[in-house]
Amino acid sequence: LTRTAVETNVCSKFTNEMASKVTNVTLNNGRTIPIFGLGTWKSKPGEVTQAVKDAIGAGYRHFDCAFGYSNEPEVGEALREKMQDGTVKREDLFITSKLWNTHHSRAKVAENIKQTLTNLGLSYIDLYLVHWPLGYKEEGDLFPRDSDGKLLYSDVDYLETWQGMEDILKEGLALSIGVCNFNKDQLERVISEGSIVPVMNQVECHPYLTQAKLIDYCKSKGINITAYSPLGSPDRPWAKPGDIVIMEDPKLVAIAEKNKKTVAQLLIRFQVQRGVICIPKSVTKSRIESNIQIFDFELSEEDMKTIASFDCNGRLVHVNWLNDHPLYPFHTEF
């Protein structure tokens with residue numbers, strides 16, 4: 001074997017070993033999802049292709065995407081390269097994407113997922129989610145606005161949207177369907193009016209917003225939870241100087257040091273250990289590689305309780321500018 005071939009074999013072995021350490025969660029339809037993956041929200045075009053390639057090299061097999069992130073073609077480029085060079089096969093990968101708010105009408109759902117499939121270069125999505133329960137005006141920009149800069153809403157009910165989701169499931173465009181950012185009451189309506197129970201509710205979740213009540217409710221209905229912004233999303237676009245930075249919390253730093261882990265690893269392990277799927281975002285190779293190193297330790301029961309005790313309903317992805325929408329999800333307790 002040439003040196004290059006040997007290096008490729010060694011790298012491939014390492015990659016497969018790391019991928020095998022990531023446990024799977026069984027969904028209510030019998031399919032499985034890796035409990036850990038890479039988030040791509042806020043990953044810029046020009047950075048995200050390399051980030052996804054680095055992640056695949058580090059053992060990631062689960063990638064969380066969305067039409068609304070405006071970077072799916074770049075994610076697709078990385079997936080295509082890594083499938084073409086033999087690092088992974090399509091069936092090794094679990095790809096999530098999301099229906100954008102400008103496509104909530106029933107017929108628009110298929111239109112949106114087909115565009116996502118084109119963007120990603122795939123023939124199906126493993127998990128397709130309704131990104132938000134509320135809709136925007138359905139023609140034009142991703143963020144349609146009036147002359148004063150106010151977002152323009154649609155009056156499409158998410159129950160109609162869910163009918164479209166069931167349609168694309170039956171067509172085989174997605175293997176599983178679910179929602180994001182839905183509260184308990186909204187989930188109740190979907191379950192009672194729809195014919196398919198969502199497999200997933202993806203929500204903001206970290207020690208300042210543990211979502212304990214929503215997780216318990218979803219568990220009672222057979223719905224899994226994915227935690228987005230598990231590190232507190234310090235690069236959220238509306239963050240201001242002086243805002244909370246969860247990873248700098250001295251109590252979390254102390255627990256991480258005690259466990260000889262980074263704060264990011266601590267926060268990811270907290271979610272995984274409670275059975276919550278976790279999708280931290282990074283475009284930095286060293287952090288991408290570090291974030292997956294959470295399957296070689298376990299937090300004590302005391303540490304888990306301490307971290308959970310930091311909950312203060314500290315929602316950081318509050319989207320307060322949408323709170324006049326009749327379907328805004330964060331007016332209720334959970």
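Numbering starts at 1 and runs along the chain as displayed.
Cβ coordinates come from backbone N, Cα and C, glycine included.
TrEMBL: automatically predicted annotations, no manual curation.
Copied from TrEMBL, the annotated features are:
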ACT_SITE  Tyr69  active site, proton donor
BINDING   His131  substrate binding site
DOMAIN    37-310  domain 'NADP-dependent oxidoreductase'
SITE      Lys98  site 'Lowers pKa of active site Tyr'
For the residue listed as 'active site, proton donor', the nonlocal same-chain Cβ neighbours (under 8 Å, six or more residues apart) come out as Thr40, Trp41, Lys42, Ser43
Select the most exposed residue of Lys98, His131, where exposure means the fewest other Cβ atoms within 10 Å, treating these as the recorded positions. His131
What whole-number Å value do you get for the CA-CA distance of His131 (substrate binding site) and Lys98 (site 'Lowers pKa of active site Tyr')? 5
Mean pLDDT across the domain 'NADP-dependent oxidoreductase' (37-310) comes out at 96
